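Record features, source TrEMBL:
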- 22-33: compositional bias 'Low complexity' (COMPBIAS)
- 34-45: compositional bias 'Polar residues' (COMPBIAS)
- 1-56: region 'Disordered' (REGION)
- 63-83: transmembrane segment (TRANSMEM)
- 103-123: transmembrane segment (TRANSMEM)
- 128-145: transmembrane segment (TRANSMEM)
- 151-169: transmembrane segment (TRANSMEM)
- 176-196: transmembrane segment (TRANSMEM)
- 230-250: transmembrane segment (TRANSMEM)
- 281-299: transmembrane segment (TRANSMEM)
- 337-357: transmembrane segment (TRANSMEM)
Amino acid sequence: MSSRSTNEEPADSPPSSTTGSAPDAATVPDATAGSSKAGNPTPGGQSAGTQRAGRSGSGGAEALLRFQSLFGLVLVFLASVVFSPRGDDGEIIFLTSENLFNLVRAISEIGIIAIGLTFVILVGGIDLSVGSLLGLAAVGSAVLLTEDNFGMLAAVSVVLLAGLVFGLLQGLAVALLRVQAFIVTLAGLQIARGLARLWSGGETVPITYGPGTDRAPLSFSLLGERTFDGLVPVPALIFAVLAVLAVAFLRGSAFSRHLYAIGGNERAARTSGVPVNRVKVIAFGICGLCAALAGIVHAGQLNTGSPNAGISYELDGIAAVVVGGTSLAGGRGSMMGTIAGALLLGVLNNILALNTVDTDLQLVIKGLVIVAAAAAQRLWPTR
């Protein structure tokens, strides 16, 4: 009972231990700090000056790790230009407007999912259900718009609310029942996929537009359209707006400091008065909401609601977060890194497909990229 009382502290009054830099919010001061500052040797036999020299020597590695997704994105983009197949007139196919349009449209869904996953992973959690929840949201959108004759606003609101509730329930199981997030969301993966197949009868639900029954309103078809003179797909615009909001939210809120504090040291954060349970539940709720939004976008782009939509999307979303520099252990990472990671994987997928690389080999290559990113975090952890 006492632990619940400490978890009810308002989010707008963060503890003093979380007012510093986000990744270090919940760390305990070093008992040897005084002697080190005085120039005395540390228990390990190194003076403070020697330690500073060692840290400065690894500065390049730290900078590389901190911006690994950005550096990787630039390198992969340049490599894509170099190794892109050419058209009959020598045109670089990778840089054609049609290919870039398809590229950013494909990135949008994974990017939206990755944004939601970042909140969960920052608190040291994981969510394996996002791909199945995308499929459930896509089916729900199609059924509500056609068979149930919902208007666009009503259908979108119901689907988003369902995604939010699904995420909140998973968060409650993790925070209050103390069940590991891996187990909870693995069950959620099965439940969401099963619900999608039950709701659709195991069949893909087509979305047709126009007046009359069993037809969706034309406004929903805008999700598959282009804007800004046909250069930017609407899903990419949705992803961009969501990304800006997520970056601003993580940089300027007490809630974001709580995320980092819990991921860095949950016990210390709880002792400091951080509402750990509440923050975890909200993080899972945001993740579910983003997965539902991605499902709506998916249905709008393909004009279908398939119960098999989103299979393995959870892996791509987690990969984008990890490649972006966020630690799976929690407490360290950034939303900008996640966005760059999603762009990097999208470009990599695109150039591999353009060069007709075998699908199985593509999985191997992406797996190696993820391992390399995780290894870099392990070898050169940022402070």
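Each residue, glycine too, has its Cβ placed from N, Cα and C.
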Positions on the same chain near the transmembrane segment (281-299), where near means CB under 8 A and six or more residues out
108-110, 112-113, 115-117, 119-120, 122-123, 125, 127, 129-131, 133-138, 140-142, 156, 159-160, 162-168, 170-172, 174-175, 207, 223, 235, 238, 242, 255, 259, 305, 309-310, 313
For the transmembrane segment (230-250), the distant same-chain contacts (Cβ-Cβ under 8 Å, at least six residues beyond its ends) come to 97, 101, 104-105, 107-109, 111-112, 115, 118, 222-224, 256, 259, 290, 293, 297, 300-301, 334-336, 339
For the transmembrane segment (337-357), which stretch among 103-123, 128-145, 151-169 has the most Cβ pairs under 8 A?
103-123
